[in-house]
Amino acid sequence: MRVAVLGAAGRMGSTVCQAVDAAADLELVARVDVGDDLAVVGEAGADVAVDFTVPSVTEANVHTLLDLGVHAVVGTTGWDDEALLRVRRHLDRADGIGVLVAPNFALGAVLAMAFAARAARWFESVEVVELHHPDKVDAPSGTARHTAEGIARARRAAGLGPVPDATTQQLDGARGAVVDGIHVHAVRLRGLVAHEAILLGNPGEQLTIRHDSFDRTSFMPGVLHAVRSIGARPGLTVGLEHLLDLG
Ligand SMILES: NC(=O)C1=CN([C@@H]2O[C@H](COP(=O)(O)OP(=O)(O)OC[C@H]3O[C@@H](n4cnc5c(N)ncnc54)[C@H](O)[C@@H]3O)[C@@H](O)[C@H]2O)C=CC1
Ligand SMILES: O=C(O)C1=N[C@H](C(=O)O)C[C@H](O)C1
């Protein structure tokens, strides 16, 4: 299988290039970074392109890949419902092509999100705290947004109301961002890579579900699994959980 990497000079892109290079069944045929023409992906005969670029360009990259007939595995964050809908519509005209948009490829992070959604219906309170390196450009993390959305969906399905919160006075931002009714807090600290804690509370007890990526190699098994699987999954898939039978 022939693989192109977009954002190849970045922290994630360079790690993906190493992982693809080291995989006997994959061939790295194009390394693309800022200023390069995406046409090289088609010229190199790539079957799949992996995108770890920046939120401001990732959607345009995916549309170009679809025009080139190349499957896409996207780890870049910053996607909203409108952008996903535009890709879905484009896919209607791109027969047999698959696109995966996944906010986190670490298997432990995907499991943490699944566990949190499973636990959510049994707890009155829940908040999400994400902690990252300070070079990250978006907040809250894509993972935290996806986590909060999964929790909110599970709470709605169980008929739970809003989380309790008596706050009537606050400094702006003191209670974090609110994603689908769930409070999400973002920490940026030198030395960190990517971490998330989901705090679930009931009278007299707390459950904490925590995941830590200490190194970007943690994302590689999930990325390679997606690269190998996406060709058999036409259309748009959001979240690696759907490729791991956890969705
Ligand atoms: N889904 C997941 O498991 C993970 C997702 N991420 C996300 O991946 C993205 C990248 O993260 P990092 O590698 O840490 O960032 P980074 O800043 O180290 O790398 C981004 C790279 O994209 C390049 N780039 C910018 N515009 C481009 C364009 N138009 N075409 C091609 N390349 C372009 C930059 O020059 C840079 O080399 C972020 O959105 C981050 O949140 C990060 C880690 C894991
Ligand atoms: O920017 C990062 O580093 C990460 N971004 C993703 C996110 O926003 O969720 C995944 C992981 O947390 C690392």
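Going from the start of the chain as shown, residues are counted 1 onward.
Quick reminder: no glycine exception, Cβ is built from N, Cα and C everywhere.
Quick look at what TrEMBL annotates:
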- 1-105: domain 'Dihydrodipicolinate reductase N-terminal' (DOMAIN)
- Gly7, Ala8, Ala9, Gly10, Arg11, Met12, Gly75, Thr76, Thr77, Ala102, Pro103, Asn104, Phe105: NAD(+) binding site (BINDING)
- Arg31: NADP(+) binding site (BINDING)
- 108-244: domain 'Dihydrodipicolinate reductase C-terminal' (DOMAIN)
- His132: active site, proton donor/acceptor (ACT_SITE)
- His133, Gly142, Thr143: (S)-2,3,4,5-tetrahydrodipicolinate binding site (BINDING)
- Lys136: active site, proton donor (ACT_SITE)
Inter-residue Cα distance where the pair is Gly7 (NAD(+) binding site) and the residue listed as 'NADP(+) binding site', in Å: 8
Candidates His132, His133, Gly142, Thr143 (recorded positions) with Cα within 10 Å of Thr77 (NAD(+) binding site): Gly142, Thr143
Gly7 (NAD(+) binding site) versus recorded positions His132, His133, Lys136, Gly142, Thr143 - nearest by Cα: Lys136
Recorded positions near Gly142 ((S)-2,3,4,5-tetrahydrodipicolinate binding site) (Cα-Cα within 10 Å), from Arg11, Pro103, Phe105, His132, Lys136: Pro103
His132 (active site, proton donor/acceptor) as reference: those binding-site residues from Ala9, Arg11, Gly75, Pro103, Phe105, Thr143 with C-alpha within 10 Å of it: none
Of the recorded positions listed as His133, Lys136, Thr143, the one whose CA lies nearest the CA of Ala9 (NAD(+) binding site): Lys136
Using Cα positions only, nearest of the binding-site residues to His133 ((S)-2,3,4,5-tetrahydrodipicolinate binding site) (Arg11, Gly75, Pro103, Phe105): Arg11
Protein Cβ atoms within 10 Å of His133 ((S)-2,3,4,5-tetrahydrodipicolinate binding site), excluding its own: 14
Candidates Arg11, Gly75, Pro103, Phe105, Thr143 (binding-site residues) - the one closest to Lys136 (active site, proton donor) by CA: Arg11
For Gly75 (NAD(+) binding site): intrachain residues, at least 6 apart, with Cβ closer than 8 Å: Met12, Val50, Asp51, Phe52, Ala102, Pro103, Phe105, Phe219, Val223
Three-state composition of the domain 'Dihydrodipicolinate reductase C-terminal' (108-244), taking helix and strand from DSSP: 50 helix, 40 strand, 47 coil
